[in-house]
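Please read the structure below before turning to the comments.
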Amino acid sequence: MWPVPLCLRLNRASPLAPEALEALRAIIGDRLEPISWMPEKSGWHVVPGGSKSGEDAARALVVRAINRGDFQLQDESSMLPPVTLEVKEHHLVFDMCAAPGSKTLQVLDAMLYDAKGVLPTGGVIANDSNKERAQKIRQRSRFCRKASAALLVTQVDSRKFPALHSRTDQGNFPKVKFDRIVCDVPCSADGQLRKYSHDWDPKHALGVHPVQLEILKRGLELLKPGGRLCYSTCSVNPIEDEAVVCAALAASSGSVRLVAMPADLNSVDWQPGITTWRVPFGGDLVEEFEGQVGLLSSMFPPSTPMEELKLCKRVMPGDGAGFFLALFEKPGKEETAAANAGGEQQSKEWVAHDKSKQRQGKPLFIRKKACEDVAEFFGFSADSKVGERLLIPTFQKDQGRTVSLATPALECLQDHKQLHIINGGMPVGSHPVPGRGLPKGQVTWHPCPEAAELIAHHATCRKVELNAEACRALLKDADRSLSSARLTELGAVLHGCTGGSGAVIFGSNQRWDVGFLSDDGALSAYAGGNLRNIREKLLPYGNELSESGEYEGAAGSGDASGSRLQPQDLSNSDLDRLLADIKEGTPEAAYAAALTALQSVHFPEDQGRNNIRPEPAAQLPGFTVGATNATGSAVQLTKQTRQRGGLTRVLSALAARFAPDHEFSSIQVNKNSLMTLHVDDFDLGKQALVALGSFVGGELYVHGDGVVNLQSRWHHMDGRCPHQVLPWKEGERYSLVYFAPANFGRIAAEDRELLEDLGMKLPASGCSPPAAPGVPRQIRLEKAAQDMKARGILPEPGC
């Protein structure tokens, strides 16, 4: 089987996407091929092959382009539904099952592109029934800058999505109907067996069929007359495809119809839908429904073949994934009773009719004086009309502390008691939390990083414009700052930066970031203190990037590990050197290399752990990279995993050398942390621990093992055994705990692949959580405390 080519989608609304594409072409040459049917050559294949160094450099550039909002990684077949819908800037679009968000971002890009540089008037509601997956949509949208201004992310069961109301200029509140709907439903994924072969079962199609049908029927109810809905699956099974389409058409009583795909897609290698099929049952394939238990009549084809099913399209698995599409249209200007019934049932809780002047619920966005303050603070010109679109989200806590930008379509939406909103609009300015204090004279509004380019384009205040020479000087400075005299010498232009110190926008052309201007006029750059992030935002792709030292050689070294996750915390040269010392040096050199990596990164205050002793500081620094138990039984990656890719590789390499048989998916990294007597009941299997640094004391007490010296020594233990770090007299102590969360078997395939790329030796797929300990937690802690007292050790109270 041929390797699956990497597929990229260019964000057409990004002015830097062509530059990124040419930089990628300079690295991989003819292996970059356009997808013929994608509009404006916005889709590309990267054909497998090439040298290791070239692959690494290409991967690094792609990751950077994704972080800048210029590229998106997306399967070719996944690009089809938004293209079939031919989205325009004024459309209101509903993505019913949106996570992880690729199609949502494609729809947003189409709207921005059609708006020709101005803010669209329409909007997108991106929905997913799972909270964690819905949050990922929002996180991804932040890379696409202005796109989030048109986005509202919700968490609702799509089958029961409520009938929303929208305010009109006449003061009416009609029910919301959508111009376009993306209905990419959950499926068995049998068109992607390369990815999910270990999970596939022919019974899956029978289980998801009724769910798919309910989602599609609700989508058709919410479709506006004249609107279009694209139903799609990554399955090639007719029970999930034509059977669902056929049943939905029958239920619609003629209010919707299938239509042909746009002529621009004639070059797609797909096949027409089928009109007959059989259904698996008891090891056989049956042609008719005869009341079989576990089957539904809607799974079977109609007795008379429905010829319009041939308008559906099926992409068979080949170089890419299998896919199915059906394009629905609701004709006419008046809704039929059948199409309207579902919406009426959903809106019983509304106390007034559509024509009432009474406000339906509360608006999702409102205007307050803070909006005027932000517009004045940045000096938005009246011609830009950006100030008119500044709003306060009513669904957020601490209303008024963040001012956002939202399109007219989102502003008019009214809230609903069944609507759980994750986020919406693009935050432009944030206000400090009261009580934290600001230096005298410092301005109080802070520009939000994702709005930096939009602010810079329209603002006349709080903006520092740098030429290329000033930009290089800023990035080469050890403190990433330039004095006022140096700024003037280099020809930088300060726009409306009087009136106190505080945050500003700085950069040039299409590359802008958030910085800080001091009282004496000095400019400091910061992106969480991360030089790599600043460089990725400000520097051009290609040769200028390599000259800055960001990636050493435009077609050269790239990411030393070959991972699809580019490290943000260590330079490639440092990472290569440290990994070489760990893998090939003496034990002393290996531990020294790991310690060097730990000392080079910033340790945040760890606010989320309750087993840290209150001394010598109230909150002691630490973080976790890798997988962690999330809400319920879910498992997700920590934010630090992506921010500290280089350090994670270094620490994983250390374990591979000195604890090669230990399986782990997570590393808890502590600095000078004194733990209370505690147990870790939510881990999978054993932990491996080691401490690095020059310190005296700091041993680990483990009930059953006694006092253990961890200084450059490894210890394996069951985390459910009570344990406590003992005090040390001097020096800095870095401790590493290698473990896996109890529900690691539920981790997503893409997250597992990322951790493997980072060098972790992961537990087997599908592993089950360990059995509950036979002895209650409190009794274990009490026995350990008694043992510690017998040894002359003072135990700290257990958590």
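Every residue gets a Cβ built from N, Cα and C, even glycine.
Database features (TrEMBL):
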- 1-331: domain 'SAM-dependent MTase RsmB/NOP-type' (DOMAIN)
- C97, A98, A99, P100, G101, S102, K103, D128, D157, D184: S-adenosyl-L-methionine binding site (BINDING)
- C234: active site, nucleophile (ACT_SITE)
- 549-570: region 'Disordered' (REGION)
- 549-563: compositional bias 'Low complexity' (COMPBIAS)
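Annotated features, which come from TrEMBL, shown on the structure.
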{"residue": "C97", "record": "S-adenosyl-L-methionine binding site", "Cβ contacts under 8 Å, 6 or more apart": "N127, D128, S129, S158, C183, D184, V185, P186, I215"}
{"residue": "A99", "record": "S-adenosyl-L-methionine binding site", "Cβ contacts under 8 Å, 6 or more apart": "D128, N130, R133, A134, K136, I137"}
{"residue": "G101", "record": "S-adenosyl-L-methionine binding site", "Cβ contacts under 8 Å, 6 or more apart": "A126, K136, I137, R140, S141"}
{"residue": "K103", "record": "S-adenosyl-L-methionine binding site", "Cβ contacts under 8 Å, 6 or more apart": "S78, P81, P82, D95, V182, D184"}
{"residue": "D157", "record": "S-adenosyl-L-methionine binding site", "Cβ contacts under 8 Å, 6 or more apart": "S129"}
{"residue": "C234", "record": "active site, nucleophile", "Cβ contacts under 8 Å, 6 or more apart": "S77, S78, C187, A189, G191, Q192, A321, G322, F323, F324"}
- Message: Within the domain 'SAM-dependent MTase RsmB/NOP-type' (1-331), what mean pLDDT does the predicted structure show?
- Response: 91
- Query: If you run the three-state DSSP split on C234 (active site, nucleophile), which class comes out?
  - Reply: coil
- Query: Quick one: largest C-alpha distance among C97, A98, A99, P100, G101, S102, K103, D128, D157, D184, binding S-adenosyl-L-methionine per the record, in angstrom?
  - Reply: 20
- According to DSSP, does K103 (S-adenosyl-L-methionine binding site) fall in a helix, a strand, or coil? helix
